[in-house]
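Asker: The active site annotation in Swiss-Prot covers Tyr210, Glu217. Marked as compositional bias 'Low complexity' by Swiss-Prot: 7-34. Residues annotated as N-linked glycosylation site in Swiss-Prot, with sequence analysis given as evidence: Asn243. Taken from Swiss-Prot, the feature phosphoserine covers Ser22, and the record attributes it to a large-scale study or a structure entry. Marked as region 'Disordered' by Swiss-Prot: 1-63. The feature topological domain 'Cytoplasmic' is assigned by Swiss-Prot to 1-75, 132-141, 181-203, 270-288. Sequence annotations record features per position, and here Swiss-Prot assigns topological domain 'Lumenal' to 96-114, 160-165, 222-251 based on sequence analysis. Annotation comment: Swiss-Prot describes 76-95, 115-131, 142-159, 166-180, 204-221, 252-269 as transmembrane segment, evidence class sequence analysis.
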Amino acid sequence: MGRLTEAAAAGSGSRAAGWAGSPPTLLPLSPTSPRCAATMASSDEDGTNGGASEAGEDREAPGERRRLGVLATAWLTFYDIAMTAGWLVLAIAMVRFYMEKGTHRGLYKSIQKTLKFFQTFALLEIVHCLIGIVPTSVIVTGVQVSSRIFMVWLITHSIKPIQNEESVVLFLVAWTVTEITRYSFYTFSLLDHLPYFIKWARYNFFIILYPVGVAGELLTIYAALPHVKKTGMFSIRLPNKYNVSFDYYYFLLITMASYIPLFPQLYFHMLRQRRKVLHGEVIVEKDD
């Protein structure tokens with residue numbers, strides 16, 4: 001039998017989400033990209049890692065917020081405001097750099113400290129899930145946040161020859177717009193005052209940002225391959241006392257291949273969530 005699942009737009013109660021996606025989170029994948037990489041109604045569009053994500057629950061639901069208590073709500077509000085401000089600072093720095101220099105070369109180096117701080121600070125997303133103040137999957141959140149950390153620390157930070165690649169700008173722009181939208185959405189929802197534009201942006205920007213973020217991440221990893229293969233960085237060769245081998249070059253190839261099944265699945269999932277929230281569509285799901 002079919003199971004009828006209704007999802008009407010929830011105003012301030014809905015949440016949305018790579019690799020990075022982010023999003024969701026990709027996913028997220030980067031831009032796509034939390035509160036835990038899950039559905040657009042619960043997580044990140046970030047896909048993307050580009051910020052993308054999968055399914056989660058509504059953090060801002062009034063009943064859930066009452067259960068959170070004043071302290072947890074105050075902390076989440078502070079956290080979301082701080083993250084919104086941080087990514088705004090990053091956006092302003094990127095615009096100023098390009099206006100002054102007229103080129104993307106040197107951009108990453110000029111903003112890397114801010115990027116590393118706020119993206120690493122997002123590890124608290126996992127803590128929020130672990131202690132239960134955000135009712136979403138620890139695993140899904142961990143995957144999304146870790147994917148962003150991976151891109152920041154193990155790719156662009158560690159492989160300096162690729163820092164001036166245009167693909168780096170692609171995922172940086174996608175991440176930045178996604179995160180400003182996402183965290184401002186969370187903030188206004190917690191304050192019970194969600195402007196329609198923020199809600200609209202949350203459920204529409206990912207349509208472009210998620211593919212852009214994913215493309216930027218993939219192209220950046222691809223650009224890193226020759227350097228990784230030549231230097232053997234992060235690889236473990238046999239023989240060694242642990243009798244273990246690891247090849248970072250092939251790990252990156254596998255990582256890139258993983259985008260093939262994940263990207264369409266997460267992207268179309270987010271499109272369904274968009275229809276639910278913005279248009280109040282009724283989705284009929286068939287039981288297996």
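Positions of Cβ are set from backbone N, Cα and C atoms, glycine also.
What does the local environment look like for each feature on the list?
Answerer: In the three-state DSSP reading, Tyr210 (active site) counts as helix.
Neighbour density for Glu217 (active site): within 10 A of its CB lie 42 other CB atoms from the protein chains shown. DSSP classifies Glu217 (active site) as helix under the three-state reduction.
Counting every protein chain shown, the number of other Cβ atoms lying within 10 Å of the Cβ of Asn243 (N-linked glycosylation site) is 7. In the three-state DSSP classification, Asn243 (N-linked glycosylation site) falls within coil.
The average pLDDT computed over the topological domain 'Lumenal' (96-114) stands at 97.
Residue counts for the topological domain 'Cytoplasmic' (132-141) under DSSP, helix first, then strand, then coil, are 4 helix, 0 strand, 6 coil.
Sequence-remote contacts of a segment are chain residues at least 6 beyond its ends whose Cβ falls under 8 Å from one of its Cβ atoms, and for the topological domain 'Lumenal' (160-165) they are 104-109, 219-220, 223-224, 227.
Mapped onto DSSP classes, the topological domain 'Lumenal' (222-251) shows 14 helix, 2 strand, 14 coil.
Beyond the transmembrane segment (115-131), the same-chain residues lying 6 or more positions past its ends with a Cβ under 8 Å from any Cβ of the stretch are 34-36, 76, 79, 82-83, 86-87, 90, 108, 137-138, 141-142, 144-145, 148-149, 152-153, 157, 172.
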